[in-house]
Amino acid sequence: MGHFTEEDKATITSLWGKVNVEDAGGETLGRLLVVYPWTQRFFDSFGNLSSASAIMGNPKVKAHGKKVLTSLGDAIKHLDDLKGTFAQLSELHCDKLHVDPENFKLLGNVLVTVLAIHFGKEFTPEVQASWQKMVTGVASALSSRYH
């Protein structure tokens, strides 16, 4: 799953403290649905997903994006036990929702893109490396039920 150094943890935690979970969550999930349209099939109940502007303005997309990033915030508090932290969510997404685990990787990559947009020069290659390690670890933890 990857080992987080103290520097990784400090880097991730420091940036996370500046993230607007509602804005970044909505943008991250919205971008996932626009860039990878096949992921929309898991969100049939969200109403109008017919265009990029409809998706980005959809209140259900924003609300679920916030929920996703809120759970990521919990993970940041437990970087040494991502698998345990996400055990229930992994079970839900695997057994009940049947989400393709590849989508977790895509979402993590979209989040890294959103953070880069929001934080600009502050999102250095070192910061990106720590965050990429984290989203990869989270994707792996969420996929653990599938193995």
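Every residue gets a Cβ built from N, Cα and C, even glycine.
Annotation comment: Swiss-Prot describes G2 as N-acetylglycine. Among the features that Swiss-Prot reports, domain 'Globin' is placed at 3-147, with the record citing sequence analysis. Summarising the annotation, Swiss-Prot assigns phosphothreonine to T13 and lists similarity to another entry as the type of evidence. What Swiss-Prot lists as phosphoserine is S45, S51, S53, S140, S143, S144, and the listing cites a large-scale study or a structure entry. Annotated N6-acetyllysine per Swiss-Prot: K60, K83, in sequence order, evidence recorded as similarity to another entry. The heme b binding site feature in Swiss-Prot is assigned to H64, H93. Residues annotated as S-nitrosocysteine in Swiss-Prot, with similarity to another entry given as evidence: C94.
Feature map: annotations from Swiss-Prot on the structure.
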{"residue": "T13", "record": "phosphothreonine", "Cβ within 10 Å": "13"}
{"residue": "S45", "record": "phosphoserine", "Cβ within 10 Å": "6"}
{"residue": "S51", "record": "phosphoserine", "Cβ within 10 Å": "10"}
{"residue": "S53", "record": "phosphoserine", "Cβ within 10 Å": "11"}
{"residue": "K60", "record": "N6-acetyllysine", "Cβ within 10 Å": "15"}
{"residue": "H64", "record": "heme b binding site", "Cβ within 10 Å": "17"}
{"residue": "S140", "record": "phosphoserine", "Cβ within 10 Å": "20"}
{"residue": "S143", "record": "phosphoserine", "Cβ within 10 Å": "21"}
Restricting to the recorded positions S51, S53, K60, H64, S140, S143, which ones have a CA within 10 Å of the CA of S45 (phosphoserine)?
K60
Compare the Cα of the residue listed as 'phosphothreonine' against each of the modified residues S51, S140, S143 and report the nearest.
S140
What does the DSSP secondary structure composition of the domain 'Globin' (3-147) look like, as residue counts for helix, strand and coil?
119 helix, 0 strand, 26 coil
Do you know offhand how many angstrom separate S53 (phosphoserine) and K60 (N6-acetyllysine) by C-alpha?
14
Where the distance is taken from Cα to Cα, which of the recorded positions K60, H64, S140, S143 turns out closest to S51 (phosphoserine)?
K60
Rounded to a whole angstrom, what is the C-alpha distance between S143 (phosphoserine) and H64 (heme b binding site)?
19
Reported mean pLDDT - the domain 'Globin' (3-147):
86
To the nearest Å, how far is the Cα of K60 (N6-acetyllysine) from the Cα of S140 (phosphoserine)?
26
Give the distance between the Cα atoms of H64 (heme b binding site) and S140 (phosphoserine), rounded to the nearest whole Å.
21
